Amino acid sequence: MGSLRSKVIGPAGAHMIPEDDGPDGHQLTVVSDDGVVADGIAFTKITATLDINPIEDDDDDGAEDGVDDGRATWDSKLKFVLACIGSCVGLGNFWRFPYLCYKSGGGAFLIPYFLMLFVCGIPLLLMEMAIGQYTRRGPVGALLSLCPIFIGSAIGVVIICIIFCSYYNIIISWSIYYLTQSFRSALPWATQGLIETPSNCTANSSTQRYFDAVVLQKSDSIDDYGGMVWPLLGCVIVAWVIVYFSIWKSIRSSGLVVLVTATLPYVFILVFLVRAVTLEGAGVGLKYLFQPEWSRLLDVQVWVYAAAQNFNSIGIGFGSMITFSSYNKFSNNLLTDVWIIALVNAGTSLLAGIIVFSTMGNIAYELDCSITDIITQGPGLAFVAYPQALAKMPYPHFFAVLFFLLLIILGIDSQFATVEVIVTSLQDAFPTWIKKKLRRHEILAFLVCLFCFTLGLPNLFEGGIYYFHLVDYYSSAISLMYLAFFEVVAVVWCYGAERLSRNLREMTGKIPSLYFKYCWRYLSPSLILIITVMSWMDHKNLTYGQTLKGEDPSKALPYPTWAIALGWFIASLSIIPIPLCAVIMVYRAPGDTLWQKVKEASKPRVEECKKCGKSSHNPITPCHCHYVVTNCHEKVSPAVVSSVPRTSINPTTYVPPTGLLLAAQSELSSDEKNSSHDQLECELQQPSERQLQSEVPEKLDSPHPKL
């Protein structure tokens with residue numbers, strides 16, 4: 001507790017009496033000469049002494065940098081970084097990136113991949129994390145604050161997350177099923193009988209038949225949907241229980257979970273890396289991965305693949321980075337976090353590529369066929385090709401348990417990050433209703449998990465694998481790029497790259513370089529647009545049946561018309577909110593003309609002071625330009641004080657009555673600095689309306705810590 005001696009302007013003929021309010025604090029009362037408490041309109045200078053209690057942080061209650069807005073914060077920076085890494089590093093690193101390397105020129109693909117990472121992936125990752133940390137809101141709340149007219153893109157993100165959660169847990173359920181079977185005396189997929197032909201090494205393998213006939217119990221087509229696959233139902237329930245208890249306490253529970261789920265996979269990866277590179281034939285596989293085909297760099301499609309892989313892997317447009325960052329402290333150094341997360345994700349993809357291609361080289365060596373006949377992507381790699389290699393390794397049960405446990409952990413990390421986006425967005429959009437009706441975060445998390453589980457039930461039937469591919473193709477491949485494009489337009493063009501840069505300076509004390517600004521304004525939106533156009537040009541009708549490379553193309557089954565229509569309907573669910581919400585926001589905006597309404601609907605709800613440049617979202621150094629402070633010491637912040645029980649008031653949330661304002665800043669004398677109580681003298685002058693209008697805009701660069 002410190003003592004504050006300050007010159008203030010109080011009501012005419014009044015005096016301020018600091019009253020002891022017990023050990024917790026003191027109060028300041030403005031009393032006129034006749035003993036009546038004054039609201040204070042006419043002011044005169046008097047002197048008063050005031051004891052000030054420092055505002056204490058309470059992270060458990062969501063206090064952040066001295067400001068308690070009811071939102072929790074990460075216990076440590078490590079938990080936040082691990083949560084982001086766990087969200088980024090997923091199954092796609094293992095079954096998508098290696099295949100793209102093989103398909104797009106081997107080692108030559110690494111050039112466009114890393115180039116796109118630096119000009120598109122990292123800048124957009126910084127953008128998403130910045131708006132989350134700055135607004136302390138999820139995707140919906142953040143876009144509503146920065147550019148309300150594009151709130152539909154954030155709603156589309158939530159819809160995509162709901163769809164994604166409904167089928168992504170199915171992959172985890174497959175992994176759980178395989179994990180349980182790995183404890184049997186003999187690996188069941190190694191005993192189904194193997195039919196080997198020179199041109200087809202894997203399509204008729206025991207692992208392929210085991211996956212189709214035993215795990216999926218696959219029907220002949222999507223028209224023959226069959227019955228429920230009960231073992232998978234039990235596995236998916238287990239998966240949802242794990243996800244629920246990972247997020248049921250929000251970041252308090254997920255922060256503990258990621259300490260294991262984001263670190264343990266790297267122990268497994270190291271084990272598999274050592275084992276894979278020592279297998280016979282591993283060199284042949286690595287040759288396919290790293291030997292460059294330089295001519296492929298002239299293929300535009302290769303560059304599109306590189307950009308798309310960066311988007312999908314980092315999770316641009318999924319909302320998870322915005323959500324996790326919204327639980328950061330306002331002053332967290334985002335620039336360091338962005339580089340760590342992006343480079344760890346890229347490095348993991350490279351390690352996964354080495355493991356996969358070393359293993360595929362071993363399979364080709366064992367079966368005496370070309371690696372081009374067995375390399376594949378998606379579930380075919382994880383549940384067909386790789387189990388085939390595990391069955392031939394020494395100690396196959398040990399490596400099988402490690403592998404499927406690795407898939408489960410990677411899947412759980414990505415899944416609960418996506419569920420957290422949904423839960424956080426609902427809390428930000430309907431805080432009062434949720435607090436009144438549901439009362440507890442745990443109930444909301446349970447209802448979200450239950451809803452997504454119900455939506456995913458069609459994947460658990462005998463024809464569910466057809467539905468799985470349909471939803472995955474139309475929700476991820478079609479919709480995600482549209483949402484990412486409008487998100488970038490909303491933040492960078494409507495809200496403004498310069499304003500975003502100033503926000504980053506408020507949080508980190510550093511201004512982003514021209515490199516980030518140029519990427520935000522031009523390169524990133526252009527690349528997203530190019531990817532979208534190229535995806536349309538490369539669009540083909542969805543088929544199922546040619547699971548692996550080398551399988552007879554005539555077996556590919558075209559989806560019926562009704563299924564294609566269903567796919568486009570699923571894709572439209574996340575796209576329609578963009579124009580629909582824009583129309584609603586424009587209609588509700590004030591203005592006499594359409595253009596005025598559009599301008600108002602596009603205007604940010606984050607206000608910046610024209611004098612000091614600070615915004616209404618800054619909890620550390622809030623704007624106090626509604627009054628003038630002279631002779632201020634930069635180590636003491638302004639305080640807004642009125643006749644309230646405590647003087648350690650939150651200046652960003654408390655609005656005092658007109659006239660009862662106090663700002664206290666000044667140079668401390670040497671005697672005062674050495675005293676047991678911090679004493680400071682400052683002169684406050686309440687400006688007139690004319691003074692405010694004539695004030696020359698200037699920047700207050702010195703930060704003002706909390707009292």
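Cβ atoms here come from the backbone N, Cα and C positions, even for glycine.
Nobody curates TrEMBL annotations by hand; they come from automatic prediction.
Per TrEMBL, these features apply:
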TRANSMEM  80-98  transmembrane segment
BINDING   Gly86, Val89, Asn93, Ser313, Asn345, Leu410, Asp413, Ser414  Na(+) binding site
TRANSMEM  110-131  transmembrane segment
TRANSMEM  143-170  transmembrane segment
TRANSMEM  228-248  transmembrane segment
TRANSMEM  255-277  transmembrane segment
TRANSMEM  302-322  transmembrane segment
TRANSMEM  334-357  transmembrane segment
TRANSMEM  398-423  transmembrane segment
TRANSMEM  443-461  transmembrane segment
TRANSMEM  473-497  transmembrane segment
TRANSMEM  518-537  transmembrane segment
TRANSMEM  562-587  transmembrane segment
REGION    665-707  region 'Disordered'
COMPBIAS  670-680  compositional bias 'Basic and acidic residues'
COMPBIAS  685-694  compositional bias 'Polar residues'
COMPBIAS  696-707  compositional bias 'Basic and acidic residues'
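Between the transmembrane segment (473-497) and the listed ranges 110-131, 302-322, 398-423, 562-587, the one holding the most Cβ pairs under 8 Å is 562-587. Within its own chain, the transmembrane segment (518-537) is flanked in space by residues 116, 119-120, 123-124, 127, 300-301, 304, 307-308, 311, 477-478, 481-482, 484-485, 488-489, 491-493, 497, 500, which lie at least six positions past its ends and keep a Cβ under 8 Å from the stretch. Residues 131, 135, 137, 232, 236, 239-240, 243, 317-319, 411, 414-415, 418-419, 421-422, 425-426, 451-453, 455-456, 459-460, 464, 468, 471-472, 475-476, 479-480, 482-483, 486-487, 489-491, 494-495, 570, 573-575, 577-582, 585-586, 598, 601-606, 617 of the same chain sit 6 or more residues outside the transmembrane segment (143-170) yet have a Cβ under 8 Å from a Cβ within it.
DSSP assigns Val89 (Na(+) binding site) to coil in the three-state reduction, placing it in neither a helix nor a strand.
Other than the site residues Gly86, Val89, Asn93, Ser313, Asn345, Leu410, Asp413, Ser414, same-chain residues with C-beta atoms no more than 8 angstroms from the centre of those residues' C-beta atoms, the Na(+) site, are Ile85, Ser87, Cys88, Gly90, Leu91, Gly92, Thr348. Long-range Cβ contacts of Gly86 (Na(+) binding site) within its own chain (separation 6+, distance under 8 Å): Val258, Thr261, Ala262, Asp413, Ser414, Ala417. Contacts between the transmembrane segment (80-98) and the transmembrane segment (443-461): absent, as fewer than 3 C-beta pairs lie under 8 angstroms at sequence separation of six or more. With a 10 A radius on its CB, Asp413 (Na(+) binding site) counts 27 other CB atoms from all the protein chains.
Other Cβ atoms within 10 Å of the Cβ of Leu410 (Na(+) binding site), summed over all protein chains shown, number 27.
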